[in-house]
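What follows is a set of notes on a single structure, which appears directly below.
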Amino acid sequence: MTVPLIRRMSNLHRSAGAFLGVFLFVIMLSGTWSLGSDALRLWWNKAPLSGEHLPLSQLLARQPDSTLVQLPQPANPTITFCLGIGQCDNSYSAISGQPLVQNTPAMWLVTLHKSLFMDFPGRIFISLFGFALAVLLISGFIINRRKLASMMQIPRRRNLRLLIHDLHNGLGLWCYPWLILFAVTGALSGVGALGTVGLASSVNPDHPQLVMQQLMGDFREIASQPPTQGRYQPEQVLTLLEQSYPSFTPQILMRRDNVLIVGGVRAGQPSSANFEQYRFDLHKGQLTGIRDSSEQAFWTRAFISIQPLHYGQYQWLPKLGMVLSVLHFIAGFSGCVLVASGLAMWCWRHSDSPISGVIVGCCGGLLLSTSGLLVVMSLSFALPMRVFFLFWGAIWVMCMVVKHRRQMLILIASLSALLFFIALACSLWQQPAYLTRINFILLFCGVFLLLALVCVAKLSAPQKSDRSGYERSITE
């Protein structure tokens, strides 16, 4: 590959990273915390995150008339009752039985990640940044394709700029498969939804919902079986499913008169409860139909697998699910650091540019606002959503006005680390018997920011005369 082409790819990587990096940081940070939205909801409600579940019959008796029930899972011990699609307002802890508030502040970060609070158009807009991330990953690989061996080494600590450069390259290499996964599935989730909606309106404008039903596939009818004595209850159906199909994990129950539909996931099939279902006749006690995504065409199965892969839903891999979920979170966190380090290098080169103030204010403001939000959540305080965004906006404006952007960034990182530790202390003070995974994440984030501040304090950048020509070429 010619030198001018590599130089053009380098310019593309830098300019696209500066222009799109702010949005990518917002998406990556909110998406990383969105992975723990279920745990954060329980944490805010002061409900246990792990423990022995109450009997299912006792839980189902709380809302016997619900048409849709979301069953408790090992990673989310919550049972949710719905009167219809999108009408799921009643949730209870499957461990303690206490009622849970659904709309917690954690959902602000989820909505920010999914649509930037712009509903369906925002979802399409967000998906476009999946393509932007893919462009940055491909151009970054082309630029550094001859330095892969050195990128696997521990970052050099000769000076701060060199450390940030090596950290950026190293994270980009080690997290490359996950980041490509995030980019592709994120882009296709929005574009696929747009295509499905557009196709439904064109193919069947009078009944667009039928197109989605066709995509889900029809139930495969089961040969008639001898009826059993007595009417089956949902918990009996689940017991029968566990015995007959041990690789199936039930997640939802849908009741329609005497028909009960059980949706879930099957081991080895990346799918969701909409595409893996069993239909029972409760009156006769018979299994009457099966919906299986493995019977779909290849491209339909690929479309179905987008959601579980993007959101880190690995219940379809029961033996590796927990490990992959942790790796998914680590990759998301590393993606935040990757984008932040790239933006830091750009701001270092253009410290006098007003754009550097925009970058520091937007990214640093979101970090500080999120850490403050976690303190509020640790105390279970009710907070209007506008306060979160007003605080974020105030930090943004302040960083644009103040000229000392580096000092502002250090101040923001210091305050964020302090707030993470305060949130941890408040959580342990209110629930001393529970050392949850949320507490571990708070500790991890606080320690990481402290280590970053220590590196900034110790690795002051030397003068250009003290650096080699190679170091100057890669950091300037």
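Just so it is clear, glycine is given a Cβ too, placed from its N, Cα and C backbone atoms.
Here is what TrEMBL says about this protein:
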type	residues	note
TRANSMEM	12-35	transmembrane segment
TRANSMEM	124-143	transmembrane segment
TRANSMEM	178-200	transmembrane segment
TRANSMEM	326-348	transmembrane segment
TRANSMEM	355-377	transmembrane segment
TRANSMEM	383-402	transmembrane segment
TRANSMEM	409-430	transmembrane segment
TRANSMEM	436-457	transmembrane segment
Among 12-35, 124-143, 383-402, 436-457, which stretch has the most Cβ pairs under 8 Å to the transmembrane segment (409-430)?
436-457
Sequence-remote partners of the transmembrane segment (12-35) [C-beta within less than 8 Å, at least six residues beyond its ends]
106, 109-110, 112-114, 126, 129, 132-133, 135-136, 139-140, 143, 182, 186, 311-312, 325, 328-329, 332-333, 335-336, 339-340, 342-343, 346, 355, 358-359, 362-363, 366-367, 370
Same-chain Cβ contacts of the transmembrane segment (436-457) under 8 Å, 6 or more residues past its ends?
36, 39-40, 43, 49-50, 157, 160, 163, 329, 371, 374, 410, 413-414, 416-418, 420-421, 423-424, 427-428
Take a look at 124-143, 355-377, 383-402 and tell me which one has the most Cβ pairs under 8 Å to the transmembrane segment (326-348).
355-377
